Amino acid sequence: MEVNTKKRVVIGLSGGVDSSVSALLLKQQGYEVIGLFMANWDTVANFENNRESDKKHQGCESELDYQDAQAVAQKIGIPLYRVEFIKEYWNNVFEYFLSEYQKNRTPNPDILCNQFIKFDSFLNYAKNELKADYIAMGHYAKVKHTNNLSYLLKATDVNKDQTYFLCNLKQTQLQNALFPIGDLTKQQVRTIAKEYGLVTANKKDSTGICFIGERNFKYFLENYIPNQPGEIVNIVNNQIVGHHMGTMYYTIGQRKGLNLGGMNERMFVCEKDINKKIIYVSPLSLEDQYLISNQALVENMNFIEPYNPQIPISVRFRHRQNLVVVNSFLCIENTNNVLINYEPAKAITPGQYAVFYQNDHCIGGGVIAQTNANHKKINF
């Protein structure tokens with residue numbers, strides 16, 4: 001009897017076009033493909049009391065996505081299972097998300113989603129329950145497996161590249177991963193989906209919070225963090241120019257939504273004082289003084305591969321933002337922290353991730369703890 005030597009791949013089938021085409025390509029490449037749909041948010045269990053404007057999102061989006069995933073799996077000819085990681089998502093992603101906002105920082109839950117859910121809970125389930133050799137996701141990224149290391153590389157479609165969100169992966173996670181659409185552009189992915197007749201071919205990309213979806217952010221956050229009203233103060237003359245419902249609803253550099261009437265010049269958020277519940281704003285003419293920095297302390301650095309000081313290094317502070325040249329990269333002894341000097345950049349905000357690149361390799365990333373904006377001294 002012939003032994004089936006095909007490798008088994010469990011694909012995260014989300015009901016979107018990217019994961020749909022990823023599953024199709026794997027099947028065409030001869031893998032044994034199993035689809036796995038994740039439902040990780042429960043509106044009732046997670047005490048979400050949505051306002052009227054958000055009622056349409058209560059569980060509906062996830063169910064529609066599941067129906068699309070079912071249709072895709074049937075069309076391709078692969079089995080589809082459904083799994084819930086609601087507790088894992090709450091403990092490892094959402095609680096951190098809330099704690100960062102309470103600290104006045106701006107977190108990125110998508111990075112934690114990948115680290116703890118897609119490449120941990122999902123990976124373990126796929127390997128232990130479904131006996132997978134690999135897992136696959138519809139990310140725009142590439143992975144290069146060698147005998148010693150697995151390397152995370154930028155996607156061909158630079159506008160869609162998602163390596164930023166994968167910066168916290170460990171070697172044990174990456175070595176089990178496949179990214180089937182890493183060599184394709186978004187347009188090519190949609191073309192393949194249309195040619196094969198997949199129902200997701202024209203489906204818009206998902207937005208909002210990872211696994212939660214679109215929400216009115218202020219209303220959503222009110223479910224978990226009480227409003228903390230305070231004053232909006234002009235930092236130049238210390239005059240009160242408005243009021244707010246909570247410092248967590250504002251980000252450094254924000255211009256829109258301040259509701260400041262009668263000002264001679266447009267204003268932006270330049271500082272936040274969580275203890276005094278004050279948001280400081282400044283005229284746009286002083287933007288460079290308060291927002292430009294060229295040095296940052298990055299904490300909890302994760303190295304996907306070793307840093308090579310002989311190769312130029314650059315950093316990305318936000319997804320899709322241009323890379324910034326790093327002039328010095330100092331690993332602080334006996335810590336997982338690095339001190340970096342970089343070309344001047346605007347509105348680099350604590351809580352965000354700094355993700356580092358050498359050529360096409362994403363070598364890792366960490367959380368921005370401090371910057372020297374407005375001539376602040378970095379302490380470490």
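Cβ coordinates come from backbone N, Cα and C, glycine included.
The active site, nucleophile annotation in Swiss-Prot covers Cys113. Cys113 (active site, nucleophile) falls within a helix when secondary structure is assigned with DSSP. Around Cys113 (active site, nucleophile), taking its Cβ as the centre, 23 other Cβ atoms fall within 10 Å, counting all chains.
As annotated by Swiss-Prot, active site, cysteine persulfide intermediate applies to Cys210.
Residues annotated as ATP binding site in Swiss-Prot: Gly12, Leu13, Ser14, Gly15, Gly16, Val17, Asp18, Ser19, Met38, Gly138. In this view, Gly12 (ATP binding site) is surrounded by 24 other Cβ atoms within 10 Å of its Cβ, with every protein chain counted.
Taken from Swiss-Prot, the feature disulfide bond covers Cys113-Cys210.
Taking Cβ-Cβ distances under 8 Å and a sequence separation of 6 or more, the neighbours of His139 (site 'Interaction with tRNA') in its chain are Asp18, Ala155, Gln162, Phe165, Leu166, Phe179, Ile181, Gly182. For His139 (among others), the entry in Swiss-Prot reads site 'Interaction with tRNA', with the evidence type sequence analysis.
Within 10 Å of the Cβ of Gln352 (site 'Interaction with tRNA') there are 22 other Cβ atoms, across all protein chains. Annotation note: Gln352 (site 'Interaction with tRNA') sits in a strand segment as assigned by DSSP. Summarising the annotation, Swiss-Prot assigns site 'Interaction with tRNA' to Gln352 (among others) and lists sequence analysis as the type of evidence.
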Asp18 (ATP binding site) - helix vs strand vs coil (DSSP): helix
Site extent for ATP (largest Cα pair distance over Gly12, Leu13, Ser14, Gly15, Gly16, Val17, Asp18, Ser19, Met38, Gly138, Å): 16
Spatial neighbours, same chain, of Gly16 (ATP binding site) - Cβ under 8 Å, 6+ residues apart: Asp65, Asp68, Gly138, Thr200, Lys203, Asp205, Ser206
Assigned element (helix, strand, coil) containing His139 (site 'Interaction with tRNA'), judged by DSSP: coil
Neighbourhood of Ser14 (ATP binding site) by C-beta distance under 8 A, where only residues 6 or more apart in the same chain count: Phe37, Met38, Asp65, Ala69, Gly138, Ser206
